[in-house]
Amino acid sequence: MLPRGRPRALGAAALLLLLLLLGFLLFGGDLGCERREPGGRAGAPGCFPGPLMPRVPPDGRLRRAAALDGDPGAGPGDHNRSDCGPQPPPPPKCELLHVAIVCAGHNSSRDVITLVKSMLFYRKNPLHLHLVTDAVARNILETLFHTWMVPAVRVSFYHADQLKPQVSWIPNKHYSGLYGLMKLVLPSALPAELARVIVLDTDVTFASDISELWALFAHFSDTQAIGLVENQSDWYLGNLWKNHRPWPALGRGFNTGVILLRLDRLRQAGWEQMWRLTARRELLSLPATSLADQDIFNAVIKEHPGLVQRLPCVWNVQLSDHTLAERCYSEASDLKVIHWNSPKKLRVKNKHVEFFRNFYLTFLEYDGNLLRRELFVCPSQPPPGAEQLQQALAQLDEEDPCFEFRQQQLTVHRVHVTFLPHEPPPPRPHDVTLVAQLSMDRLQMLEALCRHWPGPMSLALYLTDAEAQQFLHFVEASPVLAARQDVAYHVVYREGPLYPVNQLRNVALAQALTPYVFLSDIDFLPAYSLYDYLRASIEQLGLGSRRKAALVVPAFETLRYRFSFPHSKVELLALLDAGTLYTFRYHEWPRGHAPTDYARWREAQAPYRVQWAANYEPYVVVPRDCPRYDPRFVGFGWNKVAHIVELDAQEYELLVLPEAFTIHLPHAPSLDISRFRSSPTYRDCLQALKDEFHQDLSRHHGAAALKYLPALQQPQSPARG
């Protein structure tokens, strides 16, 4: 006999089993879609919504209450519906995915980096980036990718200037100018053997693995060659304002911020002749394109609708001024690509803009160094120098007391040259660029430096990705800095515990464009007249190929945060006599500048020659092709001294200028100075670097290097600095 209550329990269990079976029969299709979704996530965009599914049909077009108002193409046959049909399989694990981007100028280059970060964060496949760039963007991005050393990423560059004649005949009102038309010529510009490519605008951000987008090529019919998301505004309906006359489009038209191109089919179909004929015909009645290449793509698709494959709306969520994208993202559980296609970019008016802005800022400020780590293994050519670097790192001993120094020397820092818009100075035979380096805690020096030095500057900044954005806002908010287009800022991204001072100097020095450079430090303010005086002195002394010399600019310092900066040598000497100024490091490290002979400088009327002496580290003006700084010296100590030793070994004259001066302003000691003062191990490691430096000096200069041996053997005093 069953215990009381057992029949009731068995009945309940049977009822539950029946309900589960019924649920499986009802929702099995949805579960099947989840299993077939590329990338393995629940929520395939091609499935009808179940309880846990996104409400985005296979083409991304929203129906019923969620449909776009006034949608002229809402018929069931217009949307490429698969009704939960088979989802495209993901591409093979190691298939190379091709991505094309048109990029021109400084600002667009910064946008590309954020886009690439978002792609790299999610990607599981090797990538080949095809970048159509102007000279400015190529210089920036070539340097960046070379120093980034991301595994399984290839980059090819194409000269935008060579493509301009193919589109320059098209009048265009869009802010992107001619570059906004260059996607039209990609089938002929990219290699003939390239059959498929994803084309992206610089203002898109990925929220998913790009291989899922690549997988949508499998949806193409035999005749389709262009994959696009429908335009998420009423622009092509012509009802945004009175007398608005857009280019012809199929229904709402399509947005070209994200494109899948079957290049092979477009070439076979005669794409170049097709878009040219269409554009010429439409321009007979329309004055210009308003949305650049997008207008012409839409006009061609209107005439040849069989070319287009509609993509789900989540692959191009458009945040334009008149966007209706909310109808897409409010129904979707898994957005794929965010597109800031308003000229206002992050300042566009949208009630959900904070959500999208924060998502964008995540990648804008994301540490790009973390993307160097390869989380998947695919056979690919390693970045140049990567194998040698890994071998050198593998030989380091983590138990070595100087391990930090050794590791920092081998670190390859990401470098973003000309981070902000920069206009190179017009060529002048005796022009001088001020070269310096700084970190975030010295930004406050920039405005004063710009007031003191009216000439070109090349400055290297050691920043994190997040600090780089703070720096950008700092410059934009400063009328003094924003007005100076002749100041080139180069961001070297922070990595490692020690300050790579000489690597920073070399970056700034390499980017100087004038024949001569003034090698300074950020804590110094030069005399107001120094720029003009240096150019005149270079000409008078006949420097250049006839005479190899380093012009010494005498250095002074003040311990006061506020003082009246001298406008002449006479005023400076008065402040020196009054005790307001001192010769630089007179109290702590007089050997560093004693050879300048300040007593002689007081009376000098003409340049005079001085001899090198141990620990001499003056600030000098030299030709741009001077020896580079020794990058082994990181942190504090001997970084400038070693450079002056090299100049002397290469027989540079040291000439002190009688009317030149620069003044050091007080500041809190850096972390590296503090470590130098407090740590005997730090000083021992510095001595080891000095010994290695002399060995290399002897190999290069032979017996002539013996004169520097006593200086190199002197121990470093912890009181220095």
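Note that the numbers count up from 1, one per residue, in the order the chain is shown.
Glycine too: its Cβ is placed from the backbone N, Cα and C atoms.
The topological domain 'Cytoplasmic' annotation in Swiss-Prot covers 1-8.
Positions annotated as transmembrane segment by Swiss-Prot, on the basis of sequence analysis: 9-29.
Annotated topological domain 'Lumenal' per Swiss-Prot: 30-721, in sequence order, evidence recorded as sequence analysis.
According to Swiss-Prot, the feature region 'Disordered' maps to 59-89.
Residues annotated as N-linked glycosylation site in Swiss-Prot: ASN80 (among others).
As annotated by Swiss-Prot, region 'Xylosyltransferase activity' applies to 97-372.
With a cut-off of 8 Å between CB atoms and residues at least 6 apart in sequence, the same chain places PRO421 near ASN107 (N-linked glycosylation site), listed in sequence order. Residues or ranges marked as N-linked glycosylation site by Swiss-Prot: ASN107 (among others).
What Swiss-Prot records for ASP201, ASP203 is Mn(2+) 1 binding site, and it gives a curator's inference as the kind of evidence. The secondary structure of ASP201 (Mn(2+) 1 binding site), as reduced to three states from DSSP, is coil rather than helix or strand. ASP201 (Mn(2+) 1 binding site) has a Cβ environment of 27 other Cβ atoms inside 10 Å.
Per Swiss-Prot, N-linked glycosylation site is recorded for ASN231 (among others), and the stated evidence type is sequence analysis. Cβ-based neighbour count (10 Å, all protein chains) for ASN231 (N-linked glycosylation site) stands at 27. Under the DSSP three-state reduction, ASN231 (N-linked glycosylation site) is assigned to coil, being neither helix nor strand.
Feature annotation from Swiss-Prot assigns region 'Glucuronyltransferase activity' to 373-715.
If you look up Swiss-Prot, you'll see ASP521, ASP523 marked as Mn(2+) 2 binding site. Applying an 8 A CB threshold to same-chain residues 6+ apart, the list for ASP521 (Mn(2+) 2 binding site) reads ALA436, GLN437, TYR619, HIS664. In the three-state DSSP scheme, ASP521 (Mn(2+) 2 binding site) is classed as coil.
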Within 10 Å of its Cβ, which one of these binding-site residues (ASP203, ASP523) has the largest number of other Cβ atoms?
ASP203
Restricting to the topological domain 'Lumenal' (30-721), report the mean pLDDT as a whole number.
86
One should report the C-alpha separation between ASP203 (Mn(2+) 1 binding site) and ASN231 (N-linked glycosylation site), rounded to whole angstrom, as 16
